[in-house]
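A.B. asks: Sequence annotations record features per position, and here Swiss-Prot assigns transmembrane segment to 24-44, 46-66, 94-114, 118-138, 146-166, 172-192, 224-244, 278-298.
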Amino acid sequence: MQSTLSQSPGSRFSQYMALTKPRVTQLAVFCAVIGMFLATPGMVPWHVLIGGTIGIWLLAGAAFAINCLVEQKIDAMMRRTAWRPSARGEITTPQILLFSAVLGSVGAWTLYTFTNPLTMWLTIATFVGYAVVYTLLLKPMTPQNIVIGGASGAMPPALGWAAVTGAVPGDAWILVLIIFVWTPPHFWVLALYRRKDYENAGLPMLPVTHGEKFTRLHILLYTVILFAVTLMPFISGMSGVVYLASAVLLGAVFLAYAWKIYRDYSDELARKAFRYSIVYLSLLFAALLVDHYARPLLGV
């Protein structure tokens, strides 16, 4: 009975969807869409909004599918990822490669057709940065994998901005910098309470190579830097007081988590901090959007 169910169309679709890491993709695409809206004082043209969103989503999914393929043996050794269809051998290597190729090709065509060549090439470069540079080279070789590899994961706002304007100005790079600095503490709190998983899989995550205390200190330091970086949209004039108030409040909570982790660590606290870090980034970018359209009305 179970074998029959696993081959049903709905189940097969779910297996392929799992390869795209939907929750991670959703956050990345959300940040890209915010970048689109911040790039213009008015509304984003519908063909750009829809085409850009779909294209970025497809190429992100293609990159995550390659990641699942490369790490299928590693995923099988980790409780957090052992459920993935690639780790369980439910989808073959040729099937994953074909799936990724189709997603990537359709995504690139969509971006070229509905946005512009710059967006397509930047998104392809992001694909290569994540699927090849991070997954194949950085992650298995250095504890700084998240710091260096975070550059590709930080690109969505720039992709969205480029989709609308055909350029990536300084304000877009500020948004990229926010995600770039957010990435290490976000993943390091996960690595703290999943340390055994990473150790068993042979991955040189910071808690494995440098220990818990060193990692806790770096989480705190990066969170302090993140707090400062999130003030840059206000300082640059891109955003107003609505965003500033949101950034300070959200950042204060994140700092409180980082301080508690540094002073009195527990796995449960790290889990809460990890979940909050996702909420934090989502609300921070939502605040950018609200401020963008509320600012002219409020005159602040």
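Glycine too: its Cβ is placed from the backbone N, Cα and C atoms.
Show me how these features fit into the shown structure, please.
C.D. replies: Panel annotation: around the transmembrane segment (118-138), residues 52, 55-56, 59-60, 62-64, 66-67, 70-71, 104, 107-108, 111-112, 144-145, 148-149, 151-153, 155-156, 158-159, 162-163, 166-168 of the same chain, lying at least six beyond its termini, place a Cβ under 8 Å from a Cβ of the stretch.
Beyond the ends of the transmembrane segment (224-244), by six or more residues, the same chain brings 38, 170-171, 174-175, 177-178, 181-182, 185, 250-252, 254-255, 258, 284, 287-288, 290-292, 294-295, 298, 300 to within a C-beta distance below 8 angstroms of the stretch.
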A.B. asks: Between the stretches 24-44, 46-66, 94-114, 146-166, 172-192, which wins on the count of C-beta pairs under 8 angstroms to the transmembrane segment (278-298)?
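C.D. replies: Most contacts with the transmembrane segment (278-298): 24-44.
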A.B. asks: Taking the transmembrane segment (146-166) as the reference, which of 24-44, 46-66, 94-114, 172-192 gives the largest number of Cβ pairs under 8 angstroms?
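C.D. replies: Out of the listed stretches, 24-44 contacts the transmembrane segment (146-166) most.
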